[in-house]
Every structure is written in C-alpha cells, then in structure tokens.
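Per TrEMBL, active site, proton donor/acceptor is recorded for 442. The compositional bias 'Low complexity' annotation in TrEMBL covers 39-50. Feature annotation from TrEMBL assigns compositional bias 'Basic and acidic residues' to 51-61, 85-105, 161-179, 193-203. Feature annotation from TrEMBL assigns compositional bias 'Polar residues' to 66-84, 526-538. Among the features that TrEMBL reports, domain 'MYST-type HAT' is placed at 266-541. The region 'Disordered' annotation in TrEMBL covers 1-108, 161-214, 522-545.
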C-alpha cells in the first residue's frame with residue numbers, strides 16, 4: 001500500500017489563527033455575557049479591565065477543540081485542524097509570531113450573528129426578507145426560506161402551513177385510532193380509496209407539457225436565471241409536487257432551528273458547494289469545518305486523501321504532489337472495478353476525521369466527527385485509470401455491545417440511485433455472517449438511510465420466501481440465515497402486511513403477488529444488477545482493538 005507523507009502540500013495552515021481565536025474567546029467569555037452586541041465604548045472598558053486582570057491573574061481555561069468544547073483528554077488537543085499536514089510557514093516565521101503576540105492583547109469582537117441581525121438581507125434579488133417558506137416566521141435571511149425564490153408570496157406560505165398542520169393533526173388522530181384497532185389488519189376502505197386516488201393522479205405525470213407552458217417556463221428561466229426556482233406546476237402530479245413542497249418546508253424549518261441555536265449563521269457561514277474530483281456537489285447540511293474554511297461557502301477537497309483547501313490553485317498544487325490513489329488501510333474486497341478498503345480510525349486518524357466531516361455535509365443525524373479511534377471504516381471505491389474514486393462508506397464500532405453492524409452509512413450524491421447503497425448494506429451483513437452474528441444499523445437512521453434499509457430488508461425477505469419450500473417458517477431461522485435482526489424482520493413483515501395475529505398466534509402470510517413482482521424486477525435487471533459476491537471477500541474478523 002502507498003502511504004502519504006506528512007510533508008507540506010502548499011496549503012495554508014489554520015492552526016495559528018484557530019489558536020488565536022480560541023485564546024481570545026477564553027479570555028473574553030469570562031467577562032461578557034453570551035448573545036450580546038458590543039459597542040466601541042464597551043470594548044474599550046473591557047480592554048482596560050482585562051489588562052488589569054492579566055497582571056495578577058493567569059487564565060487557566062483549557063484550549064478548545066474544533067467543535068468548540070474543552071477537550072476531554074490530552075489526545076484531543078492535536079486535532080484542532082484535520083489538515084494537520086498543511087503548510088506551517090506561518091508558525092515558523094518569527095515576524096508573524098511577534099505580530100500574533102501583539103494581536104493577543106486585543107479584545108475579541110463578538111460576532112453579530114449570535115444576535116438577530118436585521119441589517120442582513122435575503123440574497124434573492126428583489127426580496128425584502130419578509131415572510132418564510134414554512135409560514136411560521138416573520139423574516140428570513142437565506143434562499144432556503146425565501147418565498148420569492150420559490151415563486152410564492154408570504155401569505156401563500158402561511159396558508160400552506162395552516163393546511164399542512166390540519167393534515168398532520170388528522171393523521172395523528174388516525175394513527176391513534178389505528179393503535180387501538182386489531183393489529184396487522186388489512187387496509188381500510190378509506191386507505192384503499194386514497195391509494196386509488198393517488199394512482200389516478202399520477203397517471204398523467206409523464207404526458208409532457210403543452211407548447212405554451214414550455215415557452216412560459218423557458219421565459220421564466222431566461223428572465224430570472226438561477227435567482228428563482230424553476231416553475232414546477234404540471235411537470236409532475238399534484239400529489240408528488242405537494243410532497244416535494246412539504247419536504248422543502250421541513251428542510252427550511254430544520255435550517256432555521258440550526259440558525260437559532262447558533263450552529264449556522266444567516267447564509268454566510270455554511271459551505272454551499274464542494275469541488276470533489278470532477279464533480280461539483282451542492283451540500284445538504286451544515287458540517288463543523290474550521291470557521292476560516294466554512295465561511296468561504298465553497299470548499300475544494302482532494303478525492304483521494306480528503307484534505308480540504310480554500311482555492312482551486314491550492315487544490316491544483318496539492319494534486320500535483322498527492323501520491324494517494326486509494327484509501328489507506330487493507331483492501332478486503334475486489335470484484336471488477338469495485339473495491340472495499342478497511343480503514344482503522346486509530347491508525348489513520350486524519351483521513352477518518354476528514355471523511356466524517358465530508359459525510360456530515362450530506363447527513364442530518366451524524367454527530368461524530370473527531371473521536372474516530374473506536375471505529376472501523378469500510379470505504380467503497382470505483383477504480384479507473386486515474387485511481388480509486390470514493391463511492392460511499394459505512395463505519396462500525398470495533399466492539400459493539402448491541403451488535404450494531406453499521407454506525408454511519410453514506411453513498412456520495414453522484415453515485416446515488418445506482419444500487420451502491422444496497423451494496424454497502426449487503427456488505428455490512430456479509431461481515432456479520434462471517435462473524436457469525438446478527439446485525440442491525442444504529443439508530444436513528446436518516447431519511448434516505450431508512451428508505452434504503454427498508455428496501456433491502458424487503459428484498460432479502462422476498463428472496464427467502466421465493467426459495468423457501470417448507471410449510472412452517474421461523475423468524476429465528478430467517479435471522480440466522482440472513483444475519484438480519486429479528487426486530488427488523490418483524491417490522492418489515494408488518495409493513496408488507498405479511499404478518500397476521502390469529503387465534504393467539506402470529507402467522508406469516510406468503511403473499512405470492514409480492515414475490516412475483518420482486519422476481520419480475522430481478523429478471524428485468526439481469527446481469528447488470530450490482531450485488532456483493534461473497535467469494536470475493538478476503539477478510540477475517542479483527543481480534544480485539
């Protein structure tokens with residue numbers, strides 16, 4: 001295996017600036033209450049009072065970690081910047097070190113984004129920042145919450161919010177009534193009618209647009225460009241469009257909560273795009289990269305070693321010297337162009353930290369960024385003549401007391417909807433079979449993760465039913481053969497309406513219609529179906545840590 005040295009790659013080091021900001025923050029936070037806006041007079045007073053304190057007192061507050069919290073151990077002090085091997089010329093220059101000492105005596109100006117800053121405006125041209133896409137807030141500062149960008153008015157957003165709340169209340173009442181009804185019953189007549197209505201609404205979604213509407217949409221695109229959302233009416237069914245609008249409102253509400261909590265600022269301190277290999281990817285969520293990188297809005301990432309940089313020039317110089325062409329660690333699986341590498345978080349700490357920071361841009365529920373030592377990372381790649389390109393990965397604890405076989409799983413956006421997600425899930429269960437254990441993913445799952453796992457469990461169960469020839473079936477036997485947790489098997493059978501409670505016993509119904517539908521899809525996919533071949537795995541379970 002080829003390993004990357006720790007030499008300079010021409011990038012800028014963020015350690016010195018991060019340490020200055022942390023030192024100043026620790027000195028000023030003891031005297032200034034949180035969420036206050038400072039004036040010049042208050043700054044002068046605080047400066048004079050801090051100068052008096054520095055003569056007699058010594059600040060013993062611990063240095064901060066990149067997450068903003070005091071480190072719990074000495075081992076955390078060396079991860080203030082995951083780009084630890086970047087250029088350290090700033091720290092070596094004595095003139096710069098002297099200037100740092102002078103700057104350290106200045107009081108730190110608290111950033112105004114901690115308050116509700118009314119001077120900020122929405123970046124959408126012609127917008128007055130009033131209203132919110134969710135219909136629950138009076139103002140917005142980002143495109144995600146802008147009604148004008150989504151071709152709506154503030155009043156229309158409020159009406160839609162009221163309608164959504166009514167539907168949510170009705171669904172809650174329906175769920176409460178179903179909870180007390182007979183377990184695992186067949187769909188009600190109301191549910192059947194609703195399903196028929198949805199099917200009828202979706203029939204004409206691929207019929208195409210009339211010429212007049214196409215011209216209208218093109219005119220709207222030409223006049224507004226990327227400053228407005230494209231017109232979406234009549235492109236798909238009203239049902240699917242309403243689902244999309246609900247998802248937009250929910251995402252906007254989540255971003256607003258993060259802004260209120262101070263995790264992101266009003267559109268100015270969140271990475272919006274990353275340049276990754278030959279792709280430019282729009283990000284979905286906030287990731288705690290160092291502030292000097294996050295406030296740029298656009299990040300440049302090496303697709304092989306995952307180091308992040310500030311500009312295209314720095315990335316180009318880095319790529320000329322980067323010797324990595326695949327992830328570190330051991331290659332445990334290869335079939336065709338697909339490979340899987342096992343990376344130890346303890347042995348390759350910087351790489352795994354950068355991988356977690358990258359994954360957080362596309363995952364909502366991920367909370368682990370820097371404490372990677374207790375985990376193993378299984379990185380899937382697709383090889384060509386330039387190297388092994390990152391497809392996705394999953395991590396798992398080295399010693400999981402609850403037998404979780406996946407802690408975090410991600411497929412890169414450019415490889416989604418191509419079958420790689422199921423390959424990652426199938427590979428995690430293949431490892432569980434080799435370990436002779438029953439596995440399950442760690443909760444909570446993301447929205448896309450839950451969809452992928454439910455689809456995988458459904459496929460596994462229908463394949464087992466298709467090959468099963470006996471008369472009595474046992475959930476325990478299914479679990480031992482597939483390595484799927486019995487709880488996950490039961491929940492999947494319930495969602496497929498294949499589990500029925502009758503005369504004090506649970507019966508598994510073999511629904512031939514679902515099995516035939518699955519078999520038809522399998523036949524249609526043919527040999528191009530992406531699957532994991534167990535014979536290509538060269539892996540033995542690790543012993544201890």
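Every residue, even glycine, has its Cβ placed from backbone N, Cα and C.
All annotation found in TrEMBL is predicted automatically rather than curated by experts.
Away from its own ends, the compositional bias 'Basic and acidic residues' (193-203) comes close to residues 187, 237-240 of its chain (Cβ-Cβ under 8 Å, at least six residues beyond either end). Across the residues of the domain 'MYST-type HAT' (266-541), the predicted structure has a mean pLDDT of 90.
The number of other CB atoms found within 10 A of the CB of the residue listed as 'active site, proton donor/acceptor', across every protein chain shown, is 17.
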